[in-house]
């Protein structure tokens, strides 16, 4: 015979009687003055779940950043390779400007006459030049158009004659010489020019003159070609003598220097 244990808990008693899980009736607390407290469960009091949005544009941004970085890196590598290639080729080819030499100047005629009334003066000249062109480059060649040759006084104020030099091709490590280049004039001069030129012609040490040559040139290096650019050759420091009789006078050209004014750009080189 089993012993029955009296149920002192209201919950247990309610379960025993009806078998339901209803909450026990609220009790009054003497400490709160007999006020009733109800403990009810409210399912809506939970915080609402809100899913976080997915950032789908992050991979695209990463792809763009990677593409830009690789593009910049490739460009820098190409620039570096081009610079290295240009430096190596420059060391191997070592481009130099062509050089010109005025070998001789013969003065066949230099007459300055004045009319009887001193109203006008006439200048008649004839020069014969020997000019040499040298190409010191082993891999570069020069193609020249026809030259215009001028003879002027050292200060450039008095025009003494003009002539031409034919077009020619200067290959690598070659030298080209032109003999009998005629420069002449027969023109009237004003009183100011005559007064300035006549004292120069009477100097015992000779009068100073210079030769200027202008043309256009193209540079070739293998299959590479430059554009045609202007070139000026100025030969200064020439001492001329007025000829006497029919024999030509030989000018002193030992102190003459020919300067080449040339600026050519072929590929990445400028010289």
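Backbone N, Cα and C define each Cβ position, glycine as well.
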Given ranges 32-62, 63-93, 94-124, the stretch to which TrEMBL attaches the annotation transmembrane segment: 63-93
Secondary structure content, the domain 'Late embryogenesis abundant protein LEA-2 subgroup' (130-235) (per DSSP, counts of residues): 11 helix, 67 strand, 28 coil
